[in-house]
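Remarks on the structure that follows.
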Amino acid sequence: MGEFKIQSKFKPTGDQPKAIDTLVQSIENGNRGQTLLGVTGSGKTFTMANIIERTQKPTLILAHNKTLAAQLCAEFKEFFPDNIVEYFVSYYDYYQPEAYVPQTDTFIEKDASINDEIDKLRHSATSALLERRDVIIVASVSCIYGLGNPEEYKKLTISLRPGMIKDRDEVIKKLIEIQYERNDIDFARGTFRVRGDNLDIIPSSSSSKGIRIEFFGDEIDRIREFDVLTGNIIGERQHVSITPASHFAASEETLEKSISIIEDELEDRLKVLTAEDKILEAQRLKQRTNYDIEMIREMGYCQGIENYSRILDGRMPGTPPQTLLDYFPEDFLMFIDESHVTLPQVRAMYAGDRSRKTSLVEFGFRLPCAFDNRPLKFSEFESKINQVVFVSATPGEYELDHSEIVAEQIIRPTGLLDPVIEIRPIKGQIDDLYGEIQRTVQRGFRVLITTLTKRMAEDLTKYLKDLNVKATYMHSDIDTLERMKIIRELRLGEVDVLIGINLLREGLDIPEVALVAILDADKEGFLRSETSLIQTIGRAARNSESKVIMYADNITKSMDKSIKETERRRVIQMEYNEEHNITPTTVIKGVRDIIEATKVSEEKENYESEVKKAAKKDIPIEKLIEQYEEEMKEAAKNLQFERAAELRDIIKDLKENSK
């Protein structure tokens, strides 16, 4: 069994050793809650990695959005290259939940576009938890939604070894039961094909590697792993576990029992609706539910099968759903990153889901069991936590009240200080800001500006562009991919000024930023609260020459507290630097593409590992280029132009390196 082992040329420095020791001691003492209060740029991620290495517990890291989860996942993969680091976020590229608007008698059918790549990573995460303990999963709050019963998932997993007495048709029947499809033409993830005595399977947790089961009579003769694209054999396997193609897969016996319970619940609900003289609703419910029952009976699933998950799991009404947290062993460790934002998100999930489902049940679109296909209530989420470390520069009351220990991490390994804060009057703020932008850009640095409204962000961007400033804005209408593209352009200098509302706070790691301007800083509210201001100030703490300008006519309580807290930290940092003879140095970081962590980072990793493998096996670069060119053409044919462009760049690099 693998152990967590950090691979890094760095050693803990500054406040890190003390914070690591304090938190590890607290965890080993059995304390349930602890807080890591770490300023921006103090190396909280590295501290978390060291705690994982010291405690050796399977770990869940909860982030408040996909982008931050992707960034963390990429960093933990670098720290733990020999261990399993997985990415678990919502697999919907687009999601329109089922809903009914009684005022206009409008039923909105569920409409969703599932990202196959992310679905693969979700399966990879759950199957890793069944097989190993050295597993880190970085997840968004979507991990508190129902996922299917882990016991059923484990029970349905097919375990195969060479020498086992297994009939080929028996294995095929089992694969169909766990929702794999036979497809001899379009061989893809979650399908299998049969060629004579060979059975080829692409597991739900992979898309590039397949498993070939070779039979001799009714015995498994050999199991081999192969490259799906080229068909080349990668190696022999002494054991393979094939996990279900869906987290909601169930055995025939479970499905039969479930159908009987669904029919009973339908009968009871029809009596209630008929007694209330809701004839139309009763007819609608009967028709829709009977259709679902037929689909489950014939196919093993139906559209919206998650609405019957409570029945499939054998749970009582009102009991919490099974989630990713239930796939972890009991002694797991959880980190809640940027907890001041993540915890309120967890709290809000249940109420929004419940209000939407009420009208669906009331008007005969769903059975009451649909209420139990839901995210966890906050109290249920708390009950599933074993031990937790809240991580934030500005922890809230909840975190502090539920922590036995608070470890402060104020000193940065780079010696960087919290930025100097200047307060300037609102009158003439735009002209003053333009002058500051010019001076900052001339020095080769970037600027972040926070406004109070989306309109102001757009208007200011237009104004600056008219003055030939390379400016752009970022707000909630911009999707994740585009957002990461903008951040990358900012880091590369294709954009000098980024303007936003509250999107500039948590998790943006941009060392090139030397000026953060906060417009209308004295407009008290959630965008200018103490927490918000400290987080925004933190965006300037990656550069030794950075400063923050607050444009305000009055000093509010929030401003006063955030300025005093920044000054307190700055004094501690300056004293430490003086004592240890440290000169603050700007963080130098490569511009990594972390778009979704499902595409670019994985492709880069695949590319690097392919090149290493090719070197080990003495595969000529020309042969590798040929393989990538085939894959590029295939991607272009399937209209996967981003993938094709990525492969084109890899081919270009390979050609240049081979000269």
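Note that Cβ sites are derived from N, Cα and C of the backbone, with glycine treated the same way.
As written in Swiss-Prot, here are the features:
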- 25-182: domain 'Helicase ATP-binding' (DOMAIN)
- Gly38, Val39, Thr40, Gly41, Ser42, Gly43, Lys44, Thr45: ATP binding site (BINDING)
- 91-114: motif 'Beta-hairpin' (MOTIF)
- 429-582: domain 'Helicase C-terminal' (DOMAIN)
- 622-657: domain 'UVR' (DOMAIN)
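Sequence features annotated in Swiss-Prot and their locations in the structure.
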| residue | record | Cβ within 10 Å |
| --- | --- | --- |
| Gly38 | ATP binding site | 25 |
| Val39 | ATP binding site | 26 |
| Thr40 | ATP binding site | 24 |
| Gly41 | ATP binding site | 21 |
| Ser42 | ATP binding site | 28 |
| Gly43 | ATP binding site | 24 |
| Lys44 | ATP binding site | 23 |
| Thr45 | ATP binding site | 20 |
Confidence summary (mean pLDDT) of the motif 'Beta-hairpin' (91-114): 68
Reduced DSSP assignment, Ser42 (ATP binding site): coil
